[in-house]
Amino acid sequence: ALDPLTTSVFVGGAAVAWQLLSPHSWLRCRFLECCNMKDTLNFSVIKMDLERKVFGQQLAVQIVLRALSANMQSKQPRKPLVMSFHGWTGTGKSFVSSIIAENLYQLNIPRQRFVHYFSTALHFPHLSHVHLYKEQLQNWIRGNVSACPRSLFIFSEMDQMPHGLIDSIMPFLDYHEEIDGVYYGRAIFIFLNNAGGDKVTEIALDHWRRLKRREDIPVKELQSLLSEEIFRNRNSGFFHSQLIQKNLIDYFIPFLPLEYKHVRQCVREELRMQGHPEDENLITEIASALTDYPSEERLYSSKGCKTVASRVTL
């Protein structure tokens with residue numbers, strides 16, 4: 001017979017082993033990578049992160065927060081959340097998507113398995129292989145959502161994506177209870193686009209010239225214009241896309257061009273992150289050099305904050 005201490009150790013060890021082997025146990029989720037079926041997004045934290053860390057994009061942040069809030073409040077969303085970010089390079093599209101990814105899974109445990117990042121140049125480089133890419137993309141999404149319903153898929157460089165490729169995932173973004181036993185309503189899809197950036201800048205500049213605030217740009221009108229623009233634009237992965245025709249993209253989110261004051265904020269934050277003192281002369285020098293559009297007014301930075309880190313390092 002086992003003595004009480006041995007019995008306790010045996011039972012305790014068995015309990016720990018069961019917890020580690022159980023796919024959704026708290027202990028497994030504490031020490032190993034797993035998909036927590038319960039939503040863990042702390043809305044107040046992501047709101048604070050977006051409002052404090054993202055400069056000059058009040059309109060985009062408001063829409064993103066509204067979209068996430070509506071999706072998280074629904075116990076059984078009828079379709080995945082689909083957002084398309086549009087704007088010039090360096091305006092914060094990738095940064096916002098990374099903040100969402102960082103906040104989607106809590107407890108400070110890496111959850112990279114459930115955040116899937118697709119680079120067009122890296123993953124879909126050959127136009128002649130589109131049919132193969134379609135099959136691979138469908139299998140990848142199907143497999144990963146089966147493993148974790150709250151999966152996040154981020155597609156960058158959508159303006160370089162081969163025409164028709166993104167339509168291959170249309171069934172997963174539509175209104176379905178399930179597809180072959182898999183429920184997709186908790187998944188999130190984010191598309192990052194430079195396409196549409198010129199339209200966003202054109203409207204922002206027109207507002208400025210009419211002495212109106214950028215915060216007062218009518219969002220619904222701008223989203224509608226963006227939808228039309230990228231649907232007609234041959235330099236867009238959404239050219240004549242069924243995703244747009246069938247209204248499967250929930251939000252077209254404009255990222256406005258960054259003004260001088262926003263670039264200054266970027267430089268100041270980069271100095272802090274690199275451990276440098278706040279040098280006002282350096283902040284002014286870098287921000288002034290990056291504010292270059294249009295050539296007459298020099299109101300916006302055509303590169304946004306893209307090169308701020310390297311300039312601060314130099």
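Just so it is clear, glycine is given a Cβ too, placed from its N, Cα and C backbone atoms.
TrEMBL annotations: computationally assigned, not manually curated.
Residues or ranges marked as ATP binding site in TrEMBL: GLY87, TRP88, THR89, GLY90, THR91, GLY92, LYS93, SER94. Within 10 Å of the C-beta of GLY87 (ATP binding site) there are 29 other C-beta atoms, taking all protein chains into account.
Residues annotated as domain 'Torsin-1A C-terminal' in TrEMBL: 258-312. In the predicted model, the domain 'Torsin-1A C-terminal' (258-312) has a mean pLDDT of 95.
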Environment of GLY87, TRP88, THR89, GLY90, THR91, GLY92, LYS93, SER94, the listed ATP site - residues of the same chain whose CB lies within 8 A of the CB centroid:
PHE85, PHE95, ASN194, GLY197, PHE255, GLY304, LYS306
Cβ proximity for LYS93 (ATP binding site), under 8 A, sequence spacing 6+, ordered by residue number, returns PHE85, HIS86, GLY87, LEU192, ASN193, PHE255
